[in-house]
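I have placed the structure first, in the form of structure tokens, so that the comments after it can refer back to it.
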């Protein structure tokens with residue numbers, strides 16, 4: 001991007017983003033669309049994917065990179081552990097960022113914009129509230145999910161709504177060039193509506209995709225699977241992952257063996273990037289619970305150009321986005337008149 005004077009719209013727009021601390025956030029914005037789905041528990045009948053998940057793979061995906069996510073400051077007084085989107089794993093197409101966040105009042109993520117991608121906020125513990133410039137407000141609690149498509153433009157805030165530490169995961173998923181300027185939308189699932197399955201000491205909450213023959217109702221514009229597994233001591237898991245998709249694991253709690261039986265155990269706050277293969281094999285040989293998130297997605301194979309909360313395909317598109325935000329047009333018409341309560 002060319003150098004700009006202090007009087008230019010680009011410089012001014014960047015200055016308005018100075019407190020954003022280019023990297024994480026998103027929850028939701030625009031009109032509310034409620035996804036209806038009944039809680040699903042896996043039946044004893046065996047489907048093809050359930051059968052595939054019960055036996056080891058011919059070629060399991062091995063761990064090709066292991067990254068410890070260290071705490072860093074973000075937003076306004078918040079703390080995150082960034083794995084995808086950090087220095088060691090800049091992105092993993094189509095994934096742009098994964099943060100494990102910890103926030104206590106009065107810290108949080110005040111008014112900030114987005115364009116060009118999707119975010120998924122999954123509450124591990126606590127309560128968060130959000131507001132956006134289209135008048136939408138909402139609250140997510142432990143186990144709830146908000147899947148937001150920023151599309152052409154959103155401005156919103158995300159703040160803790162209870163005492164103590166609020167914890168969760170936020171995943172950024174890129175949109176294909178043809179989808180970057182679509183109208184914003186989002187899907188919300190309360191904890192009770194998230195599809196679930198359980199077998200042989202392994203429980204899974206299926207945010208997106210399919211496990212043990214049970215499928216999530218969430219629509220993924222960029223084909224994605226995203227799951228929260230909890231494994232009892234002594235259990236093992238063999239989860240198919242579509243061939244050609246990029247995949248990673250983020251360990252929330254405990255430790256386990258991932259990829260091959262002889263591998264060294266990996267513990268909490270580690271991100272494990274997986275190589276090619278038939279699927280993921282995991283063993284919990286410890287005496288405690290193992291909990292981890294598994295994410296996999298179909299690569300877009302398109303250029304990624306990022307300026308803080310804006311993610312497009314070229315520098316020219318980023319410059320246009322900055323001008324749109326500054327002038328309040330092409331999706332940002334309400335930006336200058338709005339501020340969160």
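Note that Cβ sites are derived from N, Cα and C of the backbone, with glycine treated the same way.
For 112, 114, 156, 158, the entry in TrEMBL reads Fe cation binding site. Taken from TrEMBL, the feature domain 'Pirin N-terminal' covers 79-173. Here TrEMBL flags 226-331 as domain 'Pirin C-terminal'.
Secondary structure of the domain 'Pirin N-terminal' (79-173) per DSSP (helix as H, G, I; strand as E, B; remaining residues coil): 0 helix, 64 strand, 31 coil.
Broken down by DSSP into helix, strand and coil, the domain 'Pirin C-terminal' (226-331) contains 13 helix, 49 strand, 44 coil. Of all the binding-site residues listed (112, 156), 112 has the fewest other CB atoms within 10 A of its CB. A count of other CB atoms within 10 A of each Cβ picks out 158 as the most crowded of the binding-site residues 114, 158. Taken together, the residues in the domain 'Pirin N-terminal' (79-173) have a mean pLDDT of 95 on the 0 to 100 scale.
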